[in-house]
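Notes follow the structure.
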Amino acid sequence: MFADVILPLALPKLYTYQIPDGMKVEPGMRVVVQFGKRRKYAAIIKRIHDEPPAAYAVKPVLSKLDEYPVVWPHQLHFWEWIARYYACTEGEVMNVAIPAHLKLSSETIIQLDPAYADETSIAVLASQLTDEAFQIVEALAVRHELSLAEVQQLLGETSYTSAQAVVKSLIDQHICVAYESIRESYRPRLETYILLSPAYAEEQALHQLFDQLEKAPRQLQILMKFYELREKQGWVRKKDLLEQAEASHAQLKALVDKGIFQEIKQTVDRIAFTYDGAIQQLHLTPSQQTCVQQIHDWFKEKRVVLLHGVTSSGKTLIYVSLILEAIAKGEQVLYLLPEIALTAQMIRRLQQYLGNQVGVYHSRLSHNERVEMWNKVREGSLQVIVGSRSALWLPFCRLSLIIVDEEHDMSFKQQDPAPRYHARDAAIYYAHLLHARVILGSATPAVETYQQAMQGKYGYVMLKERYGQIALPDMILADMRTIPRQHRGERHITPLLEDHIRRTLQQHKQVILFQNRRGYAPSQICQVCGWVPHCEQCDVALTYHKSIHQLVCHYCGRKYPPVTQCQACGSHAIIHKSFGTERIEDELHTLFPKASIARMDLDTMRKKDSYHQLIHRFEQGRIDILVGTQMVVKGLDFDSVGLVGILLADSLLNYPDFRVNERAFQLMEQVSGRAGRKGEKGMVVIQAYQLRHPVLAHVMAHDYAAFFQMEIEARAHFQYPPFTRLMKIVLKHAQQEKVVEAAHLLAGELTDKFPGQITGPAAPLVSRIRNEYLQEILIRLPRSAHKLQEQKDTIVDICNQLQQQSSFRHVRMIVDVDPMG
DNA sequence: AGCACGCCGACT
DNA sequence: GTCGGCGTGCTC
Ligand SMILES: [Zn+2]
Ligand SMILES: [Zn+2]
């Protein structure tokens, strides 16, 4: 029999190995195989068959690593679909899908040849070998074994030749021997427990023991404590006994040596499920009950339901209700959140209703913890998982519901290593495969999602009621031009915002000021109405390039002369403006010298725990004004925020990205949701130049439907999703001329094949990253599934052909299916 | 992704 | 003449 296996590498094909007679394996099990000259990997069996390959000699499966499959057959189908849809290899999918500790690869270990076992024979080598080679021999004489990595370390930076070359010559001279070592890296956690020897089980023997220990009061004390602990919890951990009896290791060891105690090692869970609070009974309001009923009705005919609920409308309780039903039926539920930071908060809320039936899974768990969660989900002993997108890869055995909360959030799309998958979209496909259901939850649904719901492809349930009668905040626009002319450029807070901050602080309430993280898109802007020129073809904001004194479109690369007159109001007052991220703390300090001001962004939150510390300080009221980027929008459920300020809405509105409006609307709506508390109305001040921007009007009115109507028309007119599907090819190379040449060639070939579907090539806004120049090509693909896949495959072929040409071998090409920007 | 093989430049 | 640079191709 033969096994087609997936190797954890970016290889386009499966590889076939022979299964030795008597080895019992199944698809989904990990096996050790040799791949290439020496290296060994843990590969996953995808298919078992009896078709002997004719074209090559087959190598045998060396051993099996699992008694049970670590992934289910349905997962293997899912991986295959992901690889095809997102144009990557199954090996790359495997690499993101399974925990690092289930992925094994061998390392080369070297030893001295037995002929050099004694010191004299080694000493002889000193004169024959290079310094580096002899250094290795000396180290081996002491340590017996070295891995190739250790050799590299030993030679360090002083080495001119690679460790590999030195080792190879030692092996060729028969001074060293090498072998490949592959080891399981998962280590179960062991804890030592203390038992009383069976000999003392009898009462009589026990009495004798107490008498016997009369002369050893410390040991007697330990024995007494042992009884106490055993009585209390039924078992005795060594650690607890030592601590509570205040005993030393030596004293306990004496008892073990005397044969009174026995030590046993037992594997224990790393993740403690220790929620011991009261389990709350779920009470739904009438409108929430109706909502649950509506979801059930939709599920009779639809796989996916969009739950459109304004902030704090109690979406979580709806989820809890559905989770409880699934648990009762013995089924599993996956609850996906866009960011790891949100999982901790959510799990605390869910535990109030579900106790210890909930687990977390995300990439910040330790490698060993991830393996343990993996196994619990596979066995079905854990029914509910809250996690970030990586939780989608867990081996669920009875998954019946996937909840994608904050489904509009673009961080569900994986950016860098392939597969560049969208967890929401992937979850919907996975649910099809498993006959499971999906709930997409959001206050501001993604345009694509809402469109599907409006067309009847998804069920749609709206939850209007605001929980606890929290009123929507008052919305105020502040004109940036009210900053006195002489202070323009140095001041960024309008008199109106300043006034509202002052009043809020006087009422001892807190202020959050939002600043956009994506900074710096230099553009032209009308000073009178705030109009910004857009590309006629792509509908994205044009960027002003000072060096060439031209406006550039970052999608199609088209250049325009600078505008001199506003196309909206006719004014000639056009200026250049960069919507960057200003450090406004100094300004705040000057305006409010007594207020305590803190900043929350990726840079200041880099240190471990600084995030939680800051939140804690804010909750305690020790921070008056919190300035932050996107981080302050997500996740935090602060209670006493009186005012939220958006420092410069234009920085959200002018980014060259076809989704800007969607992003801006979602962000401003979400920021607004932070203002206010139970019973008290909050306030939101939006500072902007473009006061008449349509997105702002919809935000002011909290009118999602109107926003959607406007946006969907633009998407239709400019042929963006959901009316087409997009594919982006990013080319990277250290030399600008090289990427530009490759990009133009590629775009040319693509245009031949798919006329009218290609935009670009063009340099993106950030055109150089880590010493590499970038070029991007955008391709519009049809919506119908079979044509789509066909065209995708052709595009990948064209890319590979170009890559094959020796002059472009070093141009990196990254294919991004359904890109976010 | 490794790893080996193979073909050209600067050194013994 | 050799050593070693890395460009090219393959791995069941
Ligand atoms: Zn104007
Ligand atoms: Zn354009």
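Any Cβ shown, glycine's included, is placed from N, Cα and C.
Pulled from TrEMBL, these are the features on record:
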- A:296-463: domain 'Helicase ATP-binding' (DOMAIN)
- A:CYS526, A:CYS529, A:CYS566, A:CYS569: Zn(2+) 1 binding site (BINDING)
- A:CYS535, A:CYS538, A:CYS553, A:CYS556: Zn(2+) 2 binding site (BINDING)
- A:561-716: domain 'Helicase C-terminal' (DOMAIN)
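Annotated features, which come from TrEMBL, shown on the structure.
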residue  : record                : Cβ neighbours (10 Å)
A:CYS526 : Zn(2+) 1 binding site : 23
A:CYS529 : Zn(2+) 1 binding site : 18
A:CYS535 : Zn(2+) 2 binding site : 22
A:CYS538 : Zn(2+) 2 binding site : 23
A:CYS553 : Zn(2+) 2 binding site : 24
A:CYS556 : Zn(2+) 2 binding site : 19
A:CYS566 : Zn(2+) 1 binding site : 21
A:CYS569 : Zn(2+) 1 binding site : 14
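Ligand 1 lies under 6 Å from the Cβ of the following binding-site residues, listed in sequence order from A:CYS526, A:CYS529, A:CYS538, A:CYS569: A:CYS526, A:CYS529, A:CYS569. What surrounds the Zn(2+) 1 site, by Cβ distance within 8 Å of the Cβ centroid and not counting A:CYS526, A:CYS529, A:CYS566, A:CYS569, is the set A:GLN527, A:VAL528, A:GLY530, A:TRP531, A:GLN567, A:ALA568, A:GLY570, A:SER571, A:ALA573 from the same chain.
Ligand 2 lies under 6 Å from the Cβ of A:CYS538, A:CYS553, A:CYS556, out of the binding-site residues A:CYS526, A:CYS529, A:CYS538, A:CYS553, A:CYS556. Taking the centroid of the Cβ atoms of A:CYS535, A:CYS538, A:CYS553, A:CYS556 as the Zn(2+) 2 site, the other same-chain residues with Cβ within 8 Å of it are A:GLU536, A:GLN537, A:ASP539, A:VAL540, A:LEU542, A:HIS554, A:TYR555, A:GLY557, A:ARG558, A:THR759, A:ALA762. As a whole-number mean, the pLDDT of the domain 'Helicase C-terminal' (A:561-716) in this prediction is 89. In three-state terms derived from DSSP, A:CYS526 (Zn(2+) 1 binding site) belongs to an extended strand segment. For A:CYS529 (Zn(2+) 1 binding site), the nearest of the binding-site residues by C-alpha distance turns out to be A:CYS535; the candidates were A:CYS535, A:CYS553, A:CYS556.
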